[in-house]
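What follows is a set of notes on a single structure, which appears directly below.
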Amino acid sequence: MVGFLDLSLLRDFFSLLLLQVSMWGSDSFLVISPSEPIVAMLGMDTVLPCHVSPAMSAENMELRWFRSEFSEAVYVYQDGMEQVGEQLVDFKGRAELVKDYITEGRVSVRIYSLRISDSGIYKCFFKKGSEFQEATLELKVIGLGSGPHVFMVGPEGTGIRLTCTGKRWFPQPEVQWKDAMGEKIPSLSEVETQDDDGLFQIEASLIVRDSSKREVSCSMKNPFFGQEQVETISIPESFFPRTSPWMTAFAVTFIILGIFLGAVVFLAWKERQEKKRTQEAQAEKEKESKDKGRRKQLYQQDWRKAKLYADWRKEQFEAVAVTLDPDTAHHNLILSENRKQVSLMGNAPQNCDASGRQGQGESETIFSVLGQNCFTTGRHYWEIEVNIGTEVGLEPRWAVGVCSDTAERNGWFVESPEKNFWVIAYNKGVLISRPESLSLRQHPQRIGVFLDLEDKDVSFYNMVDGSHIYSFTGITFYGTLHPYLSLQGAGTYVTICSASDDTENYPESSPKTHLKSRDMGVAQEANPLLPP
């Protein structure tokens with residue numbers, strides 16, 4: 001393996017030797033320049049050397065040093081003399097050819113009074129006859145400016161502000177603060193600017209708060225050349241601000257006062273917000289009250305046509321304290337002591353379907369009761385509350401309304417207007433008023449009965465939400481009218497409500513309600529009479 005390596009090296013040596021011999025026998029040559037950048041100080045002189053290989057005289061060659069473009073000539077030598085016609089203006093009078101060893105092919109261009117703009121890439125070009133070669137070299141111009149200069153600006157907060165300045169540096173130097181132990185301290189701020197010559201002006205700041213660090217240094221270092229300049233400053237201990245006990249007490253007092261004032265401002269703001277909300281709520285309430293009054297006034301002007309607002313409708317009717325008449329009650333019904341509630345006896349028959357059977361007998365009897373109140377004229381209303389039982393047995397059934405004292409109530413009978421009954425009934429989960437079923441969003445639990453003998457009208461309202469249920473209109477009454485109740489089903493009972501139990505329900509706006517009237521025969525949509 002070692003013998004193979006020796007043979008390979010020997011072959012490469014002979015190849016290089018043959019190349020040199022062949023070049024000696026011809027005009028071929030190479031141009032060689034420094035491989036490392038040439039570093040020179042700002043304002044000083046420097047040379048850009050190049051030479052040919054193999055060594056030969058360059059007196060009769062064309063020599064040219066230029067920047068990035070061939071036409072940007074720094075120096076041109078041709079026909080044994082300098083050619084200034086192609087030379088850049090910046091180098092006129094500042095560049096000359098060093099040709100002490102031109103006969104050996106070693107020449108240089110000297111540049112005087114280096115500028116920052118002189119930094120960059122250069123090329124040297126050698127031409128002999130038709131043969132020419134060139135090489136590249138780099139020039140770095142650096143400036144070690146003045147400084148650093150460190151001085152105290154003065155106290156700032158709990159420390160001392162220091163400033164470190166430097167001028168005419170190139171490239172931008174590295175700034176570093178250190179304490180007496182050599183530990184690095186980061187700058188508070190650094191500001192760099194460049195003048196017209198491209199040189200950097202530096203100003204770095206630092207605040208020293210630790211009184212033990214009374215000796216601080218600032219250094220500026222050129223990143224290319226590595227040269228560093230340092231200046232140190234000593235800070236007398238007396239220069240550091242001292243905290244006075246009175247200042248501490250003042251600071252604490254100021255903080256407490258600030259918190260107190262903040263709390264006062266917050267409470268005042270909160271009180272204003274609360275007052276504003278109260279005023280807004282009052283204004284909204286007044287607006288709502290005025291709107292309600294306006295709607296009520298419109299309603300009262302034509303309340304007969306408006307099947308709406310049960311609580312406002314009550315103002316046109318006389319409230320009746322209905323009392324059930326035990327003499328008219330079926331023997332399977334139980335009345336409360338105050339005669340305001342009726343329920344079914346526990347052993348009463350539970351197989352009655354009064355709406356569909358045609359026969360006689362106890363199992364086919366409707367259990368009903370009348371109110372003691374009698375009506376022949378005027379407008380009257382009362383309210384009842386229905387509680388449906390959940391016990392197992394026959395599905396509950398109930399009916400409420402009015403009937404004439406001429407109506408037949410023995411055994412099984414039909415609760416219809418033709419038989420002088422004007423009622424709504426609940427049977428098999430459906431609310432009905434003969435001869436049709438009523439389509440309601442929910443079954444009412446508290447029902448208002450409005451009897452208008454003057455306009456020959458009986459209306460029913462859901463007193464929970466004030467909505468209209470059904471109306472019988474254009475009635476021809478016979479005899480004296482009484483409140484009427486009937487019920488079926490274990491656990492079901494009906495209660496007459498007292499006037500003190502009334503609760504007002506005013507809709508937000510006039511709803512569209514499906515009205516059913518006995519003389520119309522079909523459901524009609526009642527348009528709101530009152531604007532929202």
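Each residue's number is its place along the chain shown, starting with 1.
Glycine residues also receive a Cβ, built from the backbone N, Cα and C atoms like all the rest.
Look at TrEMBL and you will find 276-291 tagged as compositional bias 'Basic and acidic residues'. Each residue of the compositional bias 'Basic and acidic residues' (276-291) gets a DSSP state, and the totals for helix, strand and coil are 16 helix, 0 strand, 0 coil.
The compositional bias 'Polar residues' annotation in TrEMBL covers 502-512.
Among the features that TrEMBL reports, domain 'Ig-like' is placed at 43-140 (among others).
Look at TrEMBL and you will find 156-234 (among others) tagged as domain 'Ig-like'.
The domain 'B30.2/SPRY' feature in TrEMBL is assigned to 302-503.
The region 'Disordered' feature in TrEMBL is assigned to 276-296 (among others).
What TrEMBL records for 502-532 (among others) is region 'Disordered'.
If you look up TrEMBL, you'll see 1-28 marked as signal peptide.
Annotation source TrEMBL lists transmembrane segment at 246-269.
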- Message: DSSP-wise, what's the residue breakdown of the domain 'Ig-like' (156-234) into helix, strand and coil?
- Response: 0 helix, 50 strand, 29 coil
- Which whole-number mean pLDDT does the model give the domain 'Ig-like' (156-234)? 88
